[in-house]
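Copied over from TrEMBL, here are the features:
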ACT_SITE  LYS187  active site, proton acceptor
MOD_RES   LYS187  N6-(pyridoxal phosphate)lysine
Amino acid sequence: MNLPFFPPDLFETDRDAMLALVHEVGTTPDQRFILGERTARLEAALAEMTGARHVIACGSGTGGLELSVRALGLGPGDEVIVPAFCCQPVASAVANVGAVPVFADIDPWTLVMDPVETEKLITPRTRALLPAHVFSIMADMPAFRDIAARHSLALVEDAAVAQGAVLGDHPAGRWGDLGVFSFFQVKAFGTPGEGGMVLTDDDELARACRMIRNHGQDGVTRFLHHRLGVNSRFDEVLAAFQLHRLPGFADRLERRARIADYYTARFAGLADRGVQAPPPGRDGRCYYVYSLLVDRRDEMRAWLTEKGIGSHVYYPVPLPEQQAFANFATPDRTWPNARRAGRTNLAIPIWPHLTDADVEYIADTVCAFVS
Ligand SMILES: *Cc1c(COP(=O)(O)O)cnc(C)c1O
């Protein structure tokens, strides 16, 4: 058996399409490789799919968070509450504009930012909340929306891992003033390269994001810079490739969801033996990775490796304990749930082209470890 965690054949079925698109984009008379007609079509397709009034393609998920923070005008003196256990851009996007990331601990099971902890951290300087969906679970967006409304805060929803997920009757990416998707290869709608999207219903925020992504220009007149911006543009070849992949997205998501349902059912009885699966169900679930919490994590990992199954450990060190964010971690605070998640999380393969036999073998192997 050889079931890698990062499969090298993720885009194999679309190889011919990709080669044709590279040629097509490369030989069009207008020689437009970024922010062209294909990018506009991809933005329109995602607007239609999500119901967002504006969708702004950008250079990456990180770029999307950076555009969001800048479009909101955040800067020195402002505080933004972010999860202590997450991908680091939630904190660096804030710190890079001179604002302060304030780290909230997470729920010990769902691993997303805890709304109760979050509300305790609000001060007169707090301007925004930046919850993120993590691994398999969407953050409690109704609670964050309520907190943001009661304290007049902006809400940025990091939906980098949750494109296609739905909580209640709202898709991921549509809960905040701004929502962000990532097309990093392993994300649900990943691509072989970098890309991201910002979603918003707000005309002014959308206008700001569009200008900031391309050096403060308005997209009409070149070399006129209305405000300070960055380079966070979108690639035409990848836009064409994502348009090609879009019709299959729902089926790939459903396949991931079924694998997750199967794993969760198989692992239901293991919680009191030191292996905790994510909560069952489909509402507010995403299937970016399927992450277990395992007491004897490193032993389980070695066992899986021995049986030919790749696995992955995410975020072993909580963000506020990282050197990069030392200035933002006050010594009187600790993040015990983030620390425990870093010590116990173990992600197992969930890519859509796993066969049923592969999935069964992975589940059997996990179960065999504890018995
Ligand atoms: C992947 C990820 C990002 C960053 O997206 P990139 O496209 O890799 O820049 C941000 N937040 C979360 C939660 C992520 O998982």
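Including glycine, each Cβ sits where the backbone N, Cα and C put it.
Keep in mind that TrEMBL annotations are predicted by a computer and have not been checked by a curator.
In the three-state DSSP assignment, the secondary structure recorded for LYS187 (active site, proton acceptor) is coil. Over all protein chains present, the Cβ of the residue listed as 'active site, proton acceptor' has 21 other Cβ atoms lying within 10 Å.
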